[in-house]
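Take a look at the structure below.
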């Protein structure tokens, strides 16, 4: 809009814009639907003498803006075709190409750390240290591991063969799938964009990244950085909102990785099913923290806060959604949380610089509605302060809210923390198992039997004993959900595998050809064939000499 106004004014002299008898008024409304931002109408007055010049400029600039704004299924199809041609040329499959792209990502993370941090602050008011640890360092770790391990990952895996194929050898070859789509989310908008792309490139694919429009500063930066650092014939960024994502989903991909809500996950999966495209869905859910009375309470509480309010202010799929503890222990736990929250964020957390804001007005209103629900607001034992202008909600703890409330039925994804009490800690098994399988479960206890019971009896994407969220930092562990919390996994070697096809290859020579497999099937051949398949050496010998058991 700014460039439009400048162009118009540059083509219309100051004298022609004022004091004329014959004039026209032009109203032009510019709506950028990608980010749900609406700029006010701009009214410009032109003399009739200069109208033709101004309209010509307006027409040219408007066409240019519309051309840049339009991304329909046809353009999406052209994009996929371009990337498929690049992939089919073989350029992305080589070890050298993969390494060069990973090295460029590593270079980008070093050189653009400040810009990345600034973008995350614009989108989420994410504190610099939190942005560095949770997004930049984690992305660096993924990239560095891929650089270190890629050659080993690419080596075919040898497999034993059987007597029925003797002489032979076999291996599993990891081959790239082709052209893949990564649809990222807004809560960790840099990490959850770059990390899957690292996996896709490591596996030798061409890739399209669709960042989240809800984090526009990070989305714009990613588009700029990918164009600057990576091979644009094989790696592309498409910015936009629902129309652009819809256009992309209409295309045939070789794999789609989506991070976000279960509702949109179903839409992605339905679109993928039309082309039989496999998917990795990272969805989330209500991840509980179970706190037994035998814990080191101060340490446990600090780690819970770190996995909730110090983690994007609760806006994390792996964040603690609610706490389960016993009725007797709840008062001690709440008091400890109050003390440590004040230590972390001060007496007035609304003014703390160490806590992120809510990402958007839409998310703020959703959380406020949850808190204002009947029989919920009176259960607040700490916090509850809200400032819609700043999109801030204080860390809020609620005790024993109704089971049917939105807070207990939906993933919270914010700074609200319900505490559910049970008579004995073992009752938490039923509470968790009565709900859809969560992305993570956190258990705080020193009781070895209780630890074993959770591991054996609770199904979840991941589980962490006596801490929160840190399991995702272990690259040797897969990160992914189960059931409603998602399907498929990535991180480290699992990212490489997730974007690869495991091709079974058997090698044979022309020697050692047996007539057993070919007709006519005589009784002698039948006996010998059954003996060979059974693997019983004694039966094989008997069959060869014409005897049977």
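Backbone N, Cα and C atoms are what each Cβ position is placed from, and that goes for glycine too.
The domain 'Aldehyde dehydrogenase' annotation in TrEMBL covers 69-505.
The coiled coil annotation in TrEMBL covers 92-122. Cβ atoms under 8 Å from those of the coiled coil (92-122) belong to residues 86, 128, 131-132, 135-136, 139-140, 143-144, 146-147, 150-151, 154, 175-176, 189-190, 194, 197-198, 201-202, 204-206, 215, 217-218, 220-221, 225, 228-231, 234-235 of the same chain, restricted to positions at least 6 beyond its ends.
Sequence-distant neighbours of residue 282 (active site): residues of the same chain at least 6 apart with a C-beta under 8 Å from its C-beta are 192, 257, 258, 259, 260, 317, 439, 479, 480, 481, 486, 490. Here TrEMBL flags 282 (among others) as active site.
For 317 (among others), the entry in TrEMBL reads active site. Counting every protein chain shown, 28 other Cβ atoms lie within 10 Å of the Cβ of residue 317 (active site).
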